[in-house]
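Colleague: Have a look at the structure that comes next, please.
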Amino acid sequence: MAPSWRFFVCFLLWGGTELCSPQPVWQDEGQRLRPSKPPTVMVECQEAQLVVIVSKDLFGTGKLIRPADLSLGPAKCEPLVSQDTDAVVRFEVGLHECGSSLQVTDDALVYSTFLRHDPRPAGNLSILRTNRAEVPIECHYPRQGNVSSWAILPTWVPFRTTVFSEEKLVFSLRLMEENWSAEKMTPTFQLGDRAHLQAQVHTGSHVPLRLFVDHCVATLTPDWNTSPSHTIVDFHGCLVDGLTEASSAFKAPRPGPETLQFTVDVFHFANDSRNTIYITCHLKVTPADRVPDQLNKACSFSKSSNRWSPVEGPAVICRCCHKGQCGTPSLSRKLSMPKRQSAPRSRRHVTDEADVTVGPLIFLGKTSDHGVEGSTSSPTSVMVGLGLATVVTLTLATIVLGVPRRRRAAAHLVCPVSASQ
């Protein structure tokens, strides 16, 4: 029997309810056993096009959505024509169509788009029975190896970035439980909570290294060049979010030189109905025996002492955080530059740093702009009748399957979504 994989799918309801449970997928000698509940969204990353199949019972409640309320990508591409009796809605678009974005990394081509459910009142009614929902979609195509058609194997990955460098350095950024003992399985928060973030580099057989968080920014989408944005870490390791009323800070001492932990008081952007946040950080490493300096540091602001203090190293390295003059232009100026694609860094430093993203962080209890008349405050009513998902989060696991060399790359990757787990 071939190995089995398990991944998590969460439906997050705007009213503060979360439906989340492990969804098993097995494979036995090439035969896939379907989960007990049919998936509501299926995605196929093919050689030149993207196929998205959506169940009309999108939220698993028995209330069917209208195909006209579904669209794909920023260009709002419409689905294929379907009959009223059809149980699914189907999209078939080219990888470059519908406003999809392409990101080129060192080892992959990443096409990103989203499925949107945007309900409109039916007829002369002024009420809505469902709310908006948005499903991020990504297709990853490896750049390495033979470029013939059968060599491309698209894969789904969870939107918790892990970056592999050429010298086998693996950078990661993860949400952790409050006691730091394990990774947080559900990215949901109430306003007033504190997010625990852990940046880490796995060095393998590399010489000992010390990890630093150079800068971090929070945005509403995975693209850190978008607006609005909020800077969390800047000036080569100054946790500037702690200057506000927040208590955000780096954790000292470190668990080890290759790990850096910090907390961020959760927030949402005013005047925006979305309740999701993505955090992107630029991570870098130095030799573990090098003394931290102004360009390589981890500094937190203490309101009680009204001063900056480092996780390690002399206190003088944090003085530049006060004026924001720590050697090079700040993050705010970097963000105004065009998005980086493949490489303006020199080959000497390409393995020393990486951009990693964690998200989305979901903030429960934030009122949606799309109200429902006649709603009640009962949690049961919110779950069953009126609090349908405005944001749908897919946590997707990378499944690497060995296929015969003659097989075409149009790998059919199924990502089930279910709200009834």
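We count from 1, first residue shown onward.
Cβ coordinates are placed from backbone N, Cα and C, and glycine is handled just like the others.
Pulled the feature table from Swiss-Prot, pasting it below:
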DOMAIN    44-306  domain 'ZP'
CARBOHYD  ASN124  N-linked glycosylation site
CARBOHYD  ASN146  N-linked glycosylation site
CARBOHYD  THR155  O-linked glycosylation site
CARBOHYD  THR161  O-linked glycosylation site
CARBOHYD  THR162  O-linked glycosylation site
CARBOHYD  ASN179  N-linked glycosylation site
CARBOHYD  ASN271  N-linked glycosylation site
REGION    331-351  region 'Disordered'
SIGNAL    1-22  signal peptide
Colleague: In Å, rounded, how far does the Cα of ASN179 (N-linked glycosylation site) sit from the Cα of ASN271 (N-linked glycosylation site)?
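Modeller: If we compare the Cα positions of ASN179 (N-linked glycosylation site) and ASN271 (N-linked glycosylation site), the gap is 33 Å.
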Colleague: Could you please provide the mean pLDDT value for the domain 'ZP' (44-306)?
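Modeller: Mean model confidence (pLDDT) across the domain 'ZP' (44-306) is 84.
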Colleague: Tell me, by DSSP, whether ASN271 (N-linked glycosylation site) is helix, strand or coil?
Modeller: coil
Colleague: Using all protein chains in view, find how many other C-beta atoms are within 10 Å of the C-beta of ASN179 (N-linked glycosylation site).
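Modeller: I count 7 other Cβ atoms within 10 Å of it.
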Colleague: Under DSSP, is ASN179 (N-linked glycosylation site) part of a helix or a strand, or is it coil?
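Modeller: Going by the DSSP assignment, ASN179 (N-linked glycosylation site) belongs to neither helix nor strand, so it counts as coil.
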Colleague: Within 10 Å of the Cβ of ASN271 (N-linked glycosylation site), how many other Cβ atoms can you find? Include all protein chains, please.
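Modeller: The Cβ of ASN271 (N-linked glycosylation site) has 6 Cβ neighbours within 10 Å.
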